[in-house]
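Notes follow the structure.
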Amino acid sequence: MAQTLYDKLWNTHVVHTEEDGTTLLYIDRQLLHEVTSPQAFEGLKLAQRPVWRISANLAVSDHNVPTTDRSHGIADPVSKLQVDTLDANCDAFGITQFKMNDLRQGIVHIIGPEQGATLPGMTIVCGDSHTSTHGAFGALAHGIGTSEVEHVLATQTLLQKKSKNMLVKVEGQLPHGCTAKDIVLAIIGKIGTAGGTGYAIEFGGSTIRALSMEGRMTVCNMAIEAGARAGMVAVDDTTVEYLKGRPFSPQGVEWDQAVEYWKQFKSDPDAQFDRVVELNAAEIVPQVTWGTSPEMVTSIDGRVPDPEKEKDPVKRDAMERALHYMALEPNLPIESIKPDKIFIGSCTNARIEDIRAAAWVVKKLGRRVAPNIRLAMVVPGSGLVKAQAEREGLDKVFTEAGFEWREPGCSMCLAMNADRLEPGERCASTSNRNFEGRQGAGGRTHLVSPAMAAAAAIEGHFVDIRKLG
């Protein structure tokens, strides 16, 4: 019987299935960070249980770490406690961890792939919503809760019910100035934040296959914002080439065997999906969110929508509330919106490809950050990304233009550290969520690509980067 990629990943990890469909799945890799792991480790200690498979776990602090000078440690006592607790727990249980001042430290969903700890055919979990990122490698990856983190630590298994299959097929040549971020925002704009509820989404088509692994990770990262349990892309030569020679990747003869095994992780030609959504890449335009949900998105050459034109009363009320919170008027041209702050970073867009794209725009425009921009910051996704960017001189491109070049971490993606918006401040952000208060109480978030964020920093308002040439 023909199988989808999701079917294959699921079926190769089933330990046992109950009559009601509840399935015990084997988990190949668990990634840990400081926010959702303390209670899990405490549960193990209270029950006097060991970690079942120590080598299957990899930990890093990312949510609470400062992105400025780290020589004085962490100022906030709560943040410091969480980071110190992860350090102590990993030391006690023997789990590999990249501590705050380790060059390999970074955002958990960036360090996993760059270390080769994320591999095709794996089941991967983490106590974090955006674990779907790792599905870009032909893996089944999704976020879990703290009690489930403990369960995986203790048993290397997880109770799950199988999702339905969805294929999002994007075909054609992506226009100049458009990126993976624009693709996924366009997808969410089309199907909505509940469009993927109950599904695991496979992203396919010629446009997706043409993306780099960085681009594929951006798309899969935001599958959760479409309501999906997981997002994934089939294995191909791009996948294999990215993983070759990475520290956790198989080596020698084992590498050859692994590559042969990975080749199966793609949907069979005649596999059936429960839902298929198609997009024409040629019609995708640089995207900007205007509201308080990723589905509230439009093109850079568009206008803020008018709630009065929405027939659905529930949607109309949501639009009115969003516009009030965002302090925007209906029919306002998107290009006239002026951010106060610029954030280039997060597990969505803080890889070397993203940093290069933003730097290219800054060099192309050849000017400094606009006077109305209070802060423009670039936060690399890991110490290794930061080091690579510095070898290429990209840090100088930013700092000479008036940007701040920071240390790696989750930073302004969420208000859980020192990097945050003040009430009423507006931010052009390359992150994944624009909910009320996400970047700070009363903060207003517009989700965009790194290139779009960089252009807004220089021009002082959103601009259509397709015009840069």
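Using N, Cα and C of the backbone, Cβ positions are placed for all residues, glycine too.
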Ask   = If Swiss-Prot gives Cys410, Cys413 as binding [4Fe-4S] cluster, which of Cys347, Cys427 does it give for that site as well?
value = Cys347
Query = Which residues, same chain and not among Cys347, Cys410, Cys413, have a CB within 8 angstroms of the centroid of the CB atoms at the recorded [4Fe-4S] cluster site?
reply = Asp62, His63, Ile107, His109, His130, Gly345, Ser346, Thr348, Ala350, Gly409, Ser411, Leu414, Ser431, Asn432
Query = Same-chain residues six or more away whose CB lies under 8 A from the CB of Cys413 ([4Fe-4S] cluster binding site)?
reply = Phe343, Gly345, Ser346, Cys347, Thr348, Ser429, Ser431, Asn432, Arg433, Arg438, Gln439
